[in-house]
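Written out below as structure tokens is the structure these notes cover.
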Ligand SMILES: Nc1nc2c(c(=O)[nH]1)N[C@@H](CN(C=O)c1ccc(C(=O)N[C@@H](CCC(=O)O)C(=O)O)cc1)CN2
Ligand SMILES: NCC(=O)N[C@@H]1O[C@H](COP(=O)([O-])[O-])[C@@H](O)[C@H]1O
């Protein structure tokens with residue numbers, strides 16, 4: 001890996017997690033840089049965030065492809081040109097095929113808005129409120145073919161408040177996402193974080209039996 005790990009970030013929307021990664025990459029001690037941002041939606045505000053930071057962007061709409069595999073092949077070709085050390089999914093809302101994941105397994109992370117393995121999939125904030133859970137949060141995990149099933153690395157916990165609605169809860173979780181994603185990317189870029197052959201996340205040469213948990217910042 002070169003002096004600074006090169007990141008490709010995949011987005012579909014607002015890009016606030018992308019912005020958190022951009023901001024961290026611009027710190028003097030950052031061990032990573034962002035070389036490319038790819039969105040499957042042309043209207044993703046994250047593309048403007050990347051443009052303002054001088055980061056090359058590509059839009060690859062999934063609508064132009066008949067199959068997921070065809071889309072993922074085109075996505076892989078875009079990435080091959082950039083040859084990133086790490087792919088960071090940051091609000092990327094497409095399920096990736098096993099063939100694509102296999103090429104990048106161990107070099108692809110995702111931020112998910114729940115305390116995995118609870119609440120995989122979509123609409124997590126509303127589901128947590130519906131269930132009456134006292135805790136919510138976010139998880140950074142390695143991406144595997146199993147949707148949101150990859151080894152968890154780092155989590156932030158957020159208490160659910162009595163007057164929460166999905167939007168208020170999502171905002172507090174998002175603030176914690178912006179804290180933990182850059183941290184996990186730094187760990188990878190520094191060579192401290194690997195996906196072991198045992199399909200567990202290893203941190204500082206120790207297998208993680210559970211994700212590192214940070215409680216919400218005060
Ligand atoms: N093979 C994998 N692909 C993806 C993973 C993963 O772990 N393995 N993580 C997701 C991110 N994600 C939740 O964190 C997620 C994204 C999208 C969906 C989903 O149902 N997408 C629908 C379309 C929804 C939409 O366009 O609004 C779909 O792809 O048909 C579930 C979970 C990224 N990919
Ligand atoms: N299942 C994937 C998923 O729901 N990801 C979530 O989408 C949001 C993207 O926000 P952003 O575009 O502002 O980073 C984030 O909350 C992220 O955890």
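Glycine is no exception: its Cβ is also placed from the backbone N, Cα and C atoms.
Curation plays no part in TrEMBL annotations; they are all automatic predictions.
TrEMBL names 93, 94, 95, 96, 110 as (6R)-10-formyltetrahydrofolate ligands; from the candidate set 68, 120, 127, the record adds 68 to that same site. Listed in sequence order, the binding-site residues near residue 148 (site 'Raises pKa of active site His') (C-alpha within 10 Å of its C-alpha) are 110, out of 93, 94, 110.
Confidence in the domain 'Formyl transferase N-terminal' (6-185), given as mean pLDDT, stands at 97. Proximity to ligand 2 (Cβ under 6 Å from any of its atoms) holds for these binding-site residues out of 15, 16, 17, 68, 96, 110: 15, 16, 17. Put plainly, the recorded positions 15, 68, 148 were compared by Cβ crowding within 10 Å, and the winner is 15.
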